[in-house]
Amino acid sequence: MTNIRKTHPLMKIVNNAFIDLPTPPNISSWWNFGSLLGTCLILQILTGLFLAMHYTSDTMTAFSSVAHICRDVNYGWIIRYMHANGASMFFICLFMHVGRGLYYGSYTFLETWNIGVILLFATMATAFMGYVLPWGQMSFWGATVITNLLSAIPYIGTNLVEWIWGGFSVDKATLTRFFAFHFILPFIITALAMVHLLFLHETGSNNPTGIPSDTDKIPFHPYYTIKDILGAMLLILVLMLLVLFTPDLLGDPDNYTPANPLNTPPHIKPEWYFLFAYAILRSIPNKLGGVLALILSILILVLVPFLHTSKQRSMMFRPISQCMFWVLVADLLTLTWIGGQPVEHPYIIIGQLASIMYFLTILVMMPAASTIENNLLKW
């Protein structure tokens, strides 16, 4: 008799994705971040659902409803901080996951990679709208500044901004629609993640060497199920250390002041995971130019597969490319630091140089390094 997990229409899907899936025997812990992102997504949807039960999306009561969650709702404080810091863990995993893809050449799976880029955009949009909901000073001014960037679009810009706002400023209509979008987007992200997996399972996973491993694949269960569970436990451990010891470490103190349209905070800045993009935005002294650079800083990932000039897939045996990769990582850390600094000398020039370096590394230096390596290997 055949096993039910191999014949039942629903269980067959689960079986082929998580149990009998042929997996490379040598994938490292860098391949854990996909499952960790799934864990984060489930955690965010669950904590978000319970927060939504007590939150009110009205400008008069939004701030106090969040305070009410923290003070009066049973374990409301832990749900709120798990959700806020869960977003930070989500982005740490996202950046690691994208970095892994860049390093080991996983971007050659075009459909999987491009859906991943769409997922990154969707997650950033969700996080931005979620940050607006507590209706603190940084929520309000962050929403005002970022939505205002759309006014840089020629001809339709101003109308577009007012349409998104639902009025002539960020107000009740804006907050209500942001709450609606923030609620629906994670489910769209879940659907996209399933498509992401679907395309990945068409080709099978890459591995650190970048060499096809079809000859010696192993079943996903029990080897990688246990590995993923260990990863998830470590993720939850780090998250709970943040939540229980320093819940406000990654937040902005300004967001504990209720939103006031008449009082602008001295330094408007987004959450830490957007600072690199914010630094690129600010480094260009032209509004439209800044907006384009901001979008291109993420959209450039779509070009990466077409800039791959190496004869090898992975960077594992390519020291010059490795050097370029770590230059890019250092540059992104520099941009993150600059994004949180005031707009004054010397930060302006450092930000501009780091922004140029970012695009130069991806568009010129990495493909050049690959070509040099090909020549050194006489390929």
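Using N, Cα and C of the backbone, Cβ positions are placed for all residues, glycine too.
What Swiss-Prot records for this protein:
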TRANSMEM  33-53  transmembrane segment
TRANSMEM  77-98  transmembrane segment
BINDING   His83, His182  heme b b562 binding site
BINDING   His97, His196  heme b b566 binding site
TRANSMEM  113-133  transmembrane segment
TRANSMEM  178-198  transmembrane segment
BINDING   His201  ubiquinone binding site
TRANSMEM  226-246  transmembrane segment
TRANSMEM  288-308  transmembrane segment
TRANSMEM  320-340  transmembrane segment
TRANSMEM  347-367  transmembrane segment
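Mapped onto this structure are the features recorded in Swiss-Prot.
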| residue | record | DSSP (3 states) |
| --- | --- | --- |
| His83 | heme b b562 binding site | helix |
| His97 | heme b b566 binding site | helix |
| His182 | heme b b562 binding site | helix |
| His196 | heme b b566 binding site | helix |
| His201 | ubiquinone binding site | helix |
Have the transmembrane segment (113-133) and the transmembrane segment (288-308) got at least three CB pairs under 8 Å, pairs 6 or more apart in sequence?
yes
How big is the Cα-to-Cα gap, in Å, between His182 (heme b b562 binding site) and His196 (heme b b566 binding site)?
21
Work through the binding-site residues one by one (His83, His97, His182, His196, His201) and point out the residue whose CB has the fewest other CB atoms within 10 angstroms.
His201
Based on Cβ pairs under 8 Å, which of the stretches 33-53, 77-98, 178-198, 288-308, 347-367 lies most in contact with the transmembrane segment (226-246)?
77-98
His201 (ubiquinone binding site) and His97 (heme b b566 binding site), Cα-Cα, nearest whole angstrom:
17
Measuring Cα to Cα, how many Å separate His83 (heme b b562 binding site) from His196 (heme b b566 binding site)?
24
Take the transmembrane segment (320-340) and find every residue of the same chain, 6 or more past its ends, with a Cβ under 8 Å from one of its Cβ atoms.
99, 102-103, 269-270, 272, 274-280, 282, 310, 347, 350-351, 354-355, 357-358, 361-362, 365-366, 369-370, 372-373
Please give the sequence-distant neighbours of the transmembrane segment (33-53): residues at least 6 beyond its ends with Cβ less than 8 Å from one of its Cβ atoms.
69, 79-80, 82-83, 86-87, 89-90, 93-94, 96-97, 100, 130, 182-183, 186-187, 189-190, 193, 228, 231-232, 235-236, 239
Take the transmembrane segment (288-308) and find every residue of the same chain, 6 or more past its ends, with a Cβ under 8 Å from one of its Cβ atoms.
98, 102, 105, 107-108, 110, 113-114, 117, 120-121, 124, 149-150, 152-154, 276-278, 280-282, 355, 358-359, 362-363, 366-367, 370
